[in-house]
Amino acid sequence: MMENIHQWLVVALFVICSLITTVKSDVSNHKYKSGDAVPLYANKVGPFQNPSETYRYFDLPFCLPDDLKEKKEALGEVLNGDRLVSAPYKLDFLVDKDSESICSKKLSKQDVGKFRKAISKDYYFQMYFDDLPLWGFIGKYDTKEQKYYLFKHLQFEVLYNKNHVIEVNVQTDPTALVDITQDKEVNVDFMYTVRWKETNIPFKKRMDKYSQNSSLPHHLEIHWFSIINSCVTVLLLTGFLATILMRVLKNDFVKYAHDEETAEDQEETGWKYIHGDVFRYPQHKSLFAAALGSGTQLFALTIFIFILALVGVFYPYNRGALFTALVVIYALTSGIAGYTASSFYCQLEGTNWVRNLILTGGLFCGPLFITFCFLNTVAISYSATAALPFGTIVIIGLIWGLVTSPLLVLGGIAGKNSKAEFQAPCRTTKYPREIPPLPWYRGTLPQMAMAGFLPFSAIYIELYYIFASVWGHRIYTIYSILFIVFIILVIVTAFITIALTYFQLAAEDHEWWWRSFLCGGSTGLFIYGYCLYYYYGRSDMTGFMQTSFFFGYMACICYAFFLMLGTIGFRAALFFVRHIYRSIKCE
């Protein structure tokens, strides 16, 4: 069974890579001859500080091209909010142009108002030239004169190497401005200039410039130093606690062995005293098994994403590759969730495995679907590009119905038929022991706070760079650092859960199953707390749409972390509990 699963995962990885790497330009080889038309697409416009609030380029009254065509986009590109259409600028290969006119347009009062509103919100535009991104601002606000100016002349500079486009930049002519401060009709002559320059940069390195800001020597040095400093601190604390825990455990083993030799009828204390209850199945075991299944799937999803990132699939501006990967991998790994949940549920002597499977399928997808419906409605009301077209929603529904659900069911059937038994070193008594009164700091919430703080302290430095990339305009490319941080997060989460589980059992509290899951997953709550700090303290995002998108989708991401790290915490605690009770004589 395991060999088949491994083979299936390898095949799935090849399928994912092939799907993602098909996101290419119209001209597949990117080679041109002099005078050839190089594809230029206008993508979107929006407030610079609100990355989720973007609109179609021609929602503003720019000059329309003679043949307006929409570019066919992959699933990930649509999810990313890209809506590429043909631009009115003609940038033919190696053909210079000087103050070429696009059109002479009479802007109505309504058009002037649209541009003025856009400039007041610091709107930028984005285009793609031969799959290379370029940005520019629509206009500027002069604070001294308190006037709004629209840029009417764009200057393109294109670098080429033989028959390849290597780099493209766009600037605005500071002398070609149109005053749109007043509500009146304005005549505007939109123009552009094109300059071609030769460069020695090879074609395969043309994307390097977009990742330079994140990998400049001084930035990289500060980044590594911060990560190493954080990791060393966390590992020292972890090692210190591990040493104490190992010593305490060693003393416990010696004490219990001595008690068995000297006085068979001596009253037991500590964690040995509850050996008849420690493997008693938890309440709501169907929900517990479903949470483990979903967490295991999300962990597998994360590992696959890291593999693709480390092999270079997510290079800068490989449009929509990450979103495509997330959708496809999540669909293909749903069998892992079904198998894990159903197998564990049957080990806990559950009978209604069909209901457990339905619960597993909806535990993460349900909240995500509800959040998506709300946020997509908000995007539709704003007429933003974040609103998914009906066709894309149908495609995602088909993926869920034809791939995710069948694999979930197949995994559930395989798990049900695995006939695995729960491995418990001690027999469980018929009636549970009463848990003694415990101080407040041994309660679930204080324990979760303690459990989440240490893992969060290992990743909080890296969180800023990730947030600045996802919810800003920085580019994240140093996936090796992120992978190291993730490994440390997993290790620290596992250890802190083990430590707190030991202290809980030593206090003769045998209800550790759900506690270990909640403590392991509590880092997700800390990450959501960091979201509040980042939004109000480190970003300039504003508006209802951006706020709802940020906190809505971050809630789903933090919930995914909660399930994934909760699963890791429980698995580590289960391994530890089995080990210590196997090491003593319980009968």
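Glycine residues also receive a Cβ, built from the backbone N, Cα and C atoms like all the rest.
Look at TrEMBL and you will find 1-25 tagged as signal peptide.
Per TrEMBL, transmembrane segment is recorded for 222-245 (among others).
Residues or ranges marked as transmembrane segment by TrEMBL: 287-315 (among others).
Counting only same-chain residues 6+ beyond the ends of the transmembrane segment (321-345), those with a CB under 8 A from a CB of the stretch are 5, 8, 12, 15-16, 19-20, 23, 74-77, 79-80, 285-286, 289-290, 292-294, 296-297, 300-301, 304-305, 308, 313-314, 353, 356-357, 359-361, 396, 399-400, 403-405, 407-416, 418, 420. Residues or ranges marked as transmembrane segment in TrEMBL: 321-345 (among others).
Look at TrEMBL and you will find 357-380 (among others) tagged as transmembrane segment.
Sequence-remote contacts of a segment are chain residues at least 6 beyond its ends whose Cβ falls under 8 Å from one of its Cβ atoms, and for the transmembrane segment (386-410) they are 52-54, 75, 78-79, 81, 327-328, 330-332, 334-335, 337-338, 357, 360-361, 365, 375-376, 379-380, 545, 549. Here TrEMBL flags 386-410 (among others) as transmembrane segment.
Non-local neighbours of the transmembrane segment (448-467) in the same chain are 214, 223, 226-227, 230-231, 233-234, 237-238, 474, 476, 481-482, 485, 488-489, 492-493, 496-497, 500, 518-520, 522-527, 530, 534, 538-539, 565, 569; each lies 6+ residues outside the stretch with a CB under 8 Å from one of its CB atoms. Per TrEMBL, transmembrane segment is recorded for 448-467 (among others).
If you look at the transmembrane segment (479-505), the same-chain residues 6 or more away from its ends with a CB under 8 A from one of its CBs are 223-224, 227, 231, 234-235, 238, 241-242, 245, 248-249, 270-271, 274, 278, 302, 306, 309-310, 314, 442, 447, 450-451, 454-455, 458-459, 462, 466, 512, 515-516, 519-520, 523, 565, 568-573, 576-577, 580. Among the features that TrEMBL reports, transmembrane segment is placed at 479-505 (among others).
Feature annotation from TrEMBL assigns transmembrane segment to 517-536 (among others).
Cβ atoms under 8 Å from those of the transmembrane segment (548-577) belong to residues 52-53, 278-279, 291-292, 294-296, 298-299, 302, 363-364, 367-368, 371, 374-375, 378-379, 386, 451, 455, 471, 489-490, 493-498, 501-502, 505, 512-513, 516-525, 527-528, 531, 535, 541 of the same chain, restricted to positions at least 6 beyond its ends. Residues annotated as transmembrane segment in TrEMBL: 548-577 (among others).
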Open item on the list: Within the same chain, where does the transmembrane segment (357-380) have neighbours whose Cβ lies under 8 angstroms from its own Cβ atoms, ignoring anything closer than 6 residues to its ends? I mean 6 or more beyond.
Closed with: 286-287, 289-291, 293-294, 297-298, 334, 337-338, 341-342, 386-388, 400, 404-405, 408-409, 412, 544-545, 548-549, 552-553, 555-556, 559-560, 563
- [ ] Mind checking which residues of the chain, 6+ beyond the ends of the transmembrane segment (517-536), have their Cβ under 8 Å from one of its Cβ atoms?
- [x] 288, 291-292, 295, 444, 447-453, 455-456, 459-460, 463-464, 467, 471, 489, 493-494, 496-497, 500-501, 547, 550-551, 554-555, 557-570, 572-573
